[in-house]
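A quick write-up on the structure given underneath.
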Amino acid sequence: MSQQRRTSPRRRRLRRWAFLLLALVAAGTLAGLLTPQRQTAVAQESGTQRQGEQIYLNTCLTCHGAQLEGVEGRGPSLVGAGEAKVYFQVSTGRMPLARQQAQGQRKPVEFSDDEIRALMAYVDSFGGGGAKMPEERGEALRGNVARGGELFRLNCAACHNFTGRGGALTSGKYAPSLDPANEEQIYTAMLTGPSNMPVFGDRQLSPEEKRDIIAYVESVQHESNNYGGHPLGSLGPVSEGAVAWVVGIVALVLLTLWIGARA
Amino acid sequence: MSERDKDAISADELDRMSDDELVRLGTRLDDVRLVQYAERWPVPGTKMERRALRHVTGWFVLAGVSALALIGVFVFWPYEYLPPGAPGYQVRTLYTPMVGLTFGLTLLGLAVGAVAYAKKFLPQELAVQQRHSGSSSEADKRTVAAEFRDAGTRSGLQRRTLFRRVAATSAGLFGLGLGVMAIGPLVRDPWKHGDSPDSLWRTGWKPINGETVYLRLDTGDPDEVVLVRPEDLRAGGYVTVFPFRETDREEPERLHAALRRADSAVMLFRFRPGTTVTSRPGREDFHHGDFYAYSKVCTHLGCPASLYEQQTGRLLCPCHQSQFDVFAGAVPIFGPATRPLPELPITVGDDGYFVARGDFAEVVGPGFWELKP
């Protein structure tokens, strides 16, 4: 046993403290290095997002909640809703809702394009996997009209009528007329299924098929595209039959009266 | 006047008669008296007459011109599709109306011309015809009856009883044969092959020889076979599917027919996660996770009940407003339909595609007499 170096109790205590401090710092650094990054990327707060947040807090908060978690009986959660959904609801004027009713309706838009984009960016920063806007814009979203007509009749015409006139559903709900819808609105509607409309995901109707459908809808808006003469409201047999009966039968009766009259 | 009166007129007398007199005689023989039979234009070639003729001719000229125009429109008018707004679109949309207009004007011109000619140029005629008393004279009745009896006796048919019966029976049997041919095809037993996919009890989903029946999309192209996988549908989506068998792949006619079968249309739903769904008793395992498949044929009168509200889970039939709750086994909740939409048992096969686990457990579409409630 060698001679022990004697150290004063004060220095020993000091050394203990220093060691403890070092260990704590090391552990903290290690923990900081080894703890995995949060999987949900917290998007960089940009100026656009701050503007979106302001709009959200002013107009959406009451029904959708401060953390977009939704408010029972007022509005659904918007976490993971995605920018496409925001674009459809806000750019058609459906949101902000005027009052709670069977379904939101199209009305004059509250916000400018920039404000809508800001709101989209803000909502999109909550939760992942939301529906995205299409790459193209406007006319570039129009595909093959003929194929689109086929797909429209198979997938959409049941509720929206064969030329997009719209129609009644249950309990005050309705499939709206497609006349005022622009290309992006039709695209995002199919993608997100607003209100009671079913969702048509990209694996069910590919983006190309969606563009075909958009081309068809745009071609029949406002009762245009009438290769058979006057569309009579584009409602089909009801208006056409009524006109055939009233006009046709009156004409026939008048002709018969003329033929039978004595010269 | 009777038959005898005609013979009283000799050939000489007839020779001496003018056409006008012969017409009068003919009508008189038919007991018709011409009270008034005046010329429209007693003096031919007046200004008025010429004007009337021009008027009538005008209609026929119109018909002729329209007929030429109809040919011209049909051959030369552009009709190929152009989207609205493209140059030439307006002209093209007028193709059908122009064909209709020229066609209609042609017919109208011919018809009005013919009627107008009759009104302006045929004589003004007022005729009275005597009505005859109803039955034949007693002499006629007796003589005709006697002639029939005479025929029976003289031909010997009255006497030759056996021959008469044999002949009558043969003719009767031939008549019976005609009747069998007419009615026979109508006599069918639709329930004889109750297990065939073509009977009212079964649908195109019924497995044949144990072959897998896939769920297939209608893409608008009947030759294209697109099967459905769970990831193809987003939550809140739905799609209409039809049965597909691998043995049909190279058979265009069967591929087409499968999409057109009235009882095969099925709606495949993917409900949102967390939706409270109740199944009807005995059908608890028909669904695959959030995926449910129901017949698209309304149980009221067979319309496609396809107006789907993905939030309320209501399915509306557009014909008579029947509503079904697809969150509760598609039971009817409003309107004239009384039976739930049948549910198709589905699962996902080894290759990842949806397959039917069998036919519906109940009858698809509107009810019929033999269907017990």
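Each Cβ is built from the backbone N, Cα and C atoms, and glycine gets one as well.
DSSP assigns A:Cys63 (heme c 1 binding site) to a helix. According to TrEMBL, the heme c 1 binding site annotation covers A:Cys60, A:Cys63, A:His64.
Positions annotated as heme c 2 binding site by TrEMBL: A:Cys156, A:Cys159, A:His160. Long-range C-beta contacts of A:Cys156 (heme c 2 binding site), restricted to its own chain and to partners at least six residues apart, with a cutoff below 8 Å, comprise A:Gly164, A:Ile213.
Residues annotated as domain 'Cytochrome c' in TrEMBL: A:47-127 (among others).
Taken from TrEMBL, the feature domain 'Cytochrome c' covers A:143-221 (among others).
Marked as transmembrane segment by TrEMBL: A:242-261.
Cβ proximity to the heme c 2 site centre (mean Cβ of A:Cys156, A:Cys159, A:His160, cutoff 8 Å) flags the following additional same-chain residues: A:Phe152, A:Asn155, A:Ala157, A:Ala158, A:Asn161, A:Gly164, A:Gly166, A:Gly167, A:Ala175, A:Leu178. All protein chains considered, the CB of A:His160 (heme c 2 binding site) has 20 other CB atoms within 10 Å. Shown are the binding-site residues A:Cys63, A:Cys159; the one with the most C-beta atoms within 10 angstroms of its own C-beta is A:Cys159. Per DSSP, the secondary structure of the domain 'Cytochrome c' (A:47-127) breaks down as 38 helix, 2 strand, 41 coil.
Taking a C-beta cut-off of under 8 Å and a sequence gap of six or more, A:Cys60 (heme c 1 binding site) has these contacts in its own chain: A:Gly75, A:Leu78, A:Met95, A:Pro96, A:Leu119.
Proximity to chain B, defined as a CB-CB distance below 8 A, holds for A:Cys159 out of the binding-site residues A:Cys63, A:His64, A:Cys156, A:Cys159, A:His160.
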